[in-house]
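J.: Take this structure first; my questions come after.
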Amino acid sequence: MATYNLTGYNTGPFTLSGIPGLEQYHVWISIPFCFIYMVAIAGNSILLYLIAVEHSLHTPMFFFLSMLAITDLILSTTCIPKTLTIFWLGPQKISFPGCLTQLFFLHYSFVLDSAILLAMAFDRYVAICSPLRYTTILTPKTIAKIAVGISLRSFFVFVPCVFLVNRLPFCKTHIISHTYCEHIGVARLACADISINIWYGFCVPIMTVITDVVLIAISYTLILCAVFRLPSRDARQKALGTCGSHICVIIMFYIPAFFSILAHRFGHNVPRTFHIMFANLYVIIPPALNPIVYGVKTKQIRDKVIILLFPKGSQ
């Protein structure tokens, strides 16, 4: 029988049980998680505040950086508050609509983060390779089109997964051995064929992200070629310095992201505990480190943060 009464299966809540095998350490694990989450909230909020109030930061690069900060806040806030509740109070129930909402914003934020990094790479390419045309290429209208375009692309890439999960009958256990709902983890609880979930959930997002990575690599190859043709050593160092923070963020984002995706699809020998712990670190570490990296390596932001936090000493 391939037909199921879907309305009778999808109404019950799921139970998020936490990190399997480490239940007795949940309270201790929550301490660094809570601290890092507070750093992510504070760092990204300060970044957004500075970009909003400082007219000198109203440039395309900092506009895309503000988009990255907002997306990081969505990514971490989608998962970490529920995770901390599990660590402190034990397994927690989540409604089926709540689970769908969480997995959508989790994966949407991931794909959008990747698209924003691509937009930032394009910004650096234009700034370094065509500096005299920078303001004519990246006009406010063009920036708005890029922002809307990457947001819509990310939405349409992942929203089918929500419908693919919503159509599934869940007649087995409703216990999810994780701290948050993610697409394949929820789909594997279904008592039906989930082949389309696995292949769409793996192939479409990863091909989208791989396309972003290839285009970013091309951008930085062209940037490096242009930088090393500059006659002045100081000019080369300044050009490389403007890209340093972006490259650090790219590395922090893509390496753990690809490990998590590939481990989920092919890493059958990866211990479940390690995989879920890594998946939790992935949604909290980059959002916390991104504003720190930009604050340390970007002079405009570093100077504004010093003035904001130490107004008397900066005078």
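Each Cβ is built from the backbone N, Cα and C atoms, and glycine gets one as well.
Below, the features straight out of TrEMBL:
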TRANSMEM  25-50  transmembrane segment
DOMAIN    43-294  domain 'G-protein coupled receptors family 1 profile'
TRANSMEM  62-84  transmembrane segment
TRANSMEM  104-122  transmembrane segment
TRANSMEM  143-165  transmembrane segment
TRANSMEM  198-227  transmembrane segment
TRANSMEM  239-262  transmembrane segment
TRANSMEM  274-296  transmembrane segment
J.: For the transmembrane segment (274-296), name the stretch out of 62-84, 104-122, 143-165, 198-227, 239-262 with the most CB-CB pairs under 8 Å.
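T.: Ranking 62-84, 104-122, 143-165, 198-227, 239-262 by Cβ pairs under 8 Å to the transmembrane segment (274-296) puts 239-262 first.
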J.: Residue list, the transmembrane segment (104-122) vs rest of chain: Cβ under 8 Å, 6 or more residues beyond ends.
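T.: Contacts with the transmembrane segment (104-122): 61, 64-65, 67-68, 71-72, 74-75, 78-79, 146-147, 150-151, 153-155, 157-159, 161-162, 180-183, 205, 208-209, 212-213, 215-216, 219-220, 246, 249-250, 253-254, 257, 283, 286.
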J.: Pairs of Cβ atoms less than 8 Å apart decide it: which stretch in 25-50, 62-84, 143-165, 239-262 has the most with the transmembrane segment (198-227)?
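T.: Checked against 25-50, 62-84, 143-165, 239-262; highest Cβ contact count belongs to 239-262.
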J.: Within the same chain, where does the transmembrane segment (62-84) have neighbours whose Cβ lies under 8 angstroms from its own Cβ atoms, ignoring anything closer than 6 residues to its ends? I mean 6 or more beyond.
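T.: Counting only partners 6 or more residues beyond its ends, the transmembrane segment (62-84) has Cβ contacts under 8 Å with 16, 30, 33-34, 37, 40-41, 44-45, 47-48, 51-52, 92, 94, 102, 105-106, 109-110, 112-113, 116-117, 119-120, 123, 143, 147, 179-180, 249, 280, 283-284, 286-288, 290-291, 294, 300.
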